[in-house]
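So the structure is just underneath, and the comments pick up after that.
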């Protein structure tokens with residue numbers, strides 16, 4: 001696997017020698033704006049693989065995206081290859097409808113240590129929950145970013161990532177009450193510990209998320225990509241475009257239904273994706289917010 005091919009894929013052309021926070025931030029931002037958070041393979045009759053070579057070929061060679069177990073695995077590899085001090089971590093996603101964290105470790109994230117300071121790096125949570133900068137691993141400190149204010153807190157060895165969100169304006173009244181809209185201003189995102197993980201720790205959940213009727217990834221197709229101003233999302237056949245802070249403390253969220261003839265063009269123009277197999281959009285009853 002060629003790190004230069006990875007840099008070309010994400011459009012990164014700056015220093016690879018300075019292992020500092022600025023470089024880490026740039027790599028994160030280039031990847032999150034080039035590599036979609038998506039599960040389209042599952043809705044094209046294909047599997048989501050964990051093998052790093054498969055992930056590299058899928059994302060770098062075929063210019064696709066993936067979910068956290070793939071996208072953050074690739075980021076972990078790239079940062080390690082560059083020489084950063086990295087640790088793979090596992091997270092438990094907050095499930096809003098039942099007000100609790102997942103019982104299974106379903107999220108992969110990365111810890112990076114720079115000059116004895118630890119940071120959380122995650123390029124694969126998607127939608128308006130995606131961090132745009134590494135988060136300093138410190139408890140109880142508001143960390144304002146473009147998407148929202150992020151907050152890490154620690155309790156008895158468990159860390160919690162939360163988000164304080166802005167108001168949102170939806171100009172099309174048809175979608176004002178859409179179930180895709182996040183209704184909470186204060187949003188819990190996930191919990192994690194600092195126990196080092198390896199990719200094999202995620203083998204069971206990688207299979208479970210692709211097969212269980214209880215998995216939102218089975219019931220819903222999604223694709224999400226950060227932009228310079230916000231984020232694009234395609235959930236089932238509904239396309240949304242969010243512009244962060246389009247006016248003071250308000251996000252603009254625009255909706256559009258995409259018909260079958262438009263899907264291919266939307267995937268190409270908004271997400272840079274060209275599929276090899278027929279895609280069947282799906283939006284089930286399980287809650288999925290943007």
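Including glycine, each Cβ sits where the backbone N, Cα and C put it.
Annotated features, as they stand in Swiss-Prot:
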type	residues	note
ACT_SITE	68	active site, acyl-thioester intermediate
ACT_SITE	107	active site
ACT_SITE	122	active site
BINDING	103, 208	CoA binding site
BINDING	106, 107	substrate binding site
MOD_RES	1	N-acetylmethionine
Rounded inter-Cα distance in Å - residue 208 (CoA binding site), the residue listed as 'N-acetylmethionine': 28
Length of the line joining the Cα atoms of residue 1 (N-acetylmethionine) and residue 103 (CoA binding site), in Å: 34
Nearest-integer angstrom distance between the alpha carbons (Cα) of residue 68 (active site, acyl-thioester intermediate) and residue 106 (substrate binding site): 9
Protein Cβ atoms within 10 Å of residue 208 (CoA binding site), excluding its own: 15
Candidates 103, 106, 107 (recorded positions) - the one closest to residue 122 (active site) by CA: 107
Helix, strand or coil at residue 107 (active site) [DSSP, three-state]: strand
Residues satisfying Cβ distance under 8 Å from residue 107 (active site), sequence separation of at least 6: 68, 90, 91, 92, 93, 125, 190, 192
Neighbouring C-beta atoms (10 Å sphere around the C-beta of residue 68 (active site, acyl-thioester intermediate)): 22
